[in-house]
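Take a look at the structure below.
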């Protein structure tokens, strides 16, 4: 139950991250704004999350996982409630900020708790559960959001009402989580942004792999609904959501398959697939075929799953037990900040040049970064120890 609850926190975290995804086109029409505003709303979440990671990322190493998870999940609930009760631009941005702060407080503690609650503390199991939980949260956000946007009477409210109910239901489960008896004797202070000294290269390569995956995620979560509607030409929100969910669903089997090899092998394969998916997405935007978009989503999703598993696996292997949450905080800090910058950058290009030209510029850039991360893994990680997580 403890492992499932920690995974549930990650599911809710990624559900909160993707909850507005299918609503972005409706908000843009309501507010009469371009993609730069909706991507700024998307980016508000990772920016707030980064601030919370810097301030509170290592807090659970000092005061315990349960109390930090309660605070984080509670803040996500408050932020989500603002989406339910209001539709104004400023309150929505405030709600998005609170969601990001809550997830930032909870995510490192939840990731560390997965390692501690896994049977015999097997890193491979905790990493796979982490990947599957985050993918499931994203898929739920897209499918539930798409169905409610298409078929409900209040398409901009009901997706958040469902999320709010699930988040509130999670709080009692978090309350009864067991707490580790031993905690760091060092008094808590805001996280120091630094890598583990003895395993810095492995840590950096792992962060690079995971960061590129998150940047790809910004395209599908932050702009996916608009790409499917405006470039591919699919007006049914539920069909669009299912197409986008293929990206998230593809992450799960990829993370399971990745357990058969090492994190470095997973990252290397994922970088190739992510680059391929980026190029395929450009083709989908130009030929206006949903089938090509589905292919791009599946390829990119598998690539994301492999790069996420590989990157997270290398970082977990590089971390030390007493500072694990702080190390994971730095990893998420870099990844989420890069994700937010990617979303705003593409949104700005789309506003001033058009979404089609923005995709033509952005996706080859992301493909290049994917290849570069693969080169780092091949030339710098493999010649050392080809780390395989304990299973």
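Here the Cβ of each residue, glycine as well, is placed from N, Cα and C on the backbone.
Remember, TrEMBL labels are computer predictions, not curated facts.
Database features (TrEMBL):
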type     : residues : note
DOMAIN   : 1-391    : domain 'Major facilitator superfamily (MFS) profile'
TRANSMEM : 34-56    : transmembrane segment
TRANSMEM : 68-94    : transmembrane segment
TRANSMEM : 100-119  : transmembrane segment
TRANSMEM : 131-151  : transmembrane segment
TRANSMEM : 157-177  : transmembrane segment
TRANSMEM : 203-225  : transmembrane segment
TRANSMEM : 237-256  : transmembrane segment
TRANSMEM : 268-287  : transmembrane segment
TRANSMEM : 293-318  : transmembrane segment
TRANSMEM : 330-353  : transmembrane segment
TRANSMEM : 359-381  : transmembrane segment
Quick test of the contact rule: Cβ under 8 Å, at least six residues beyond the ends. What residues does that give for the transmembrane segment (203-225)?
17-18, 21-22, 24-25, 35, 38-39, 42-43, 138, 142, 195-196, 237, 240-241, 244, 247-248, 263-264, 267, 270-271, 274, 277-278, 281, 297, 300, 303-304, 307-308, 310-315, 318-319, 327, 330-331, 334-336, 338-340, 342-343, 346-347, 350, 355, 362-363, 366, 369-370, 373, 376-377, 380-381
Under a criterion of three or more Cβ pairs within a distance under 8 Å and sequence separation of at least 6, are the transmembrane segment (100-119) and the transmembrane segment (268-287) in contact?
no
I'm checking region-level scores; what's the whole-number mean pLDDT for the domain 'Major facilitator superfamily (MFS) profile' (1-391)?
87
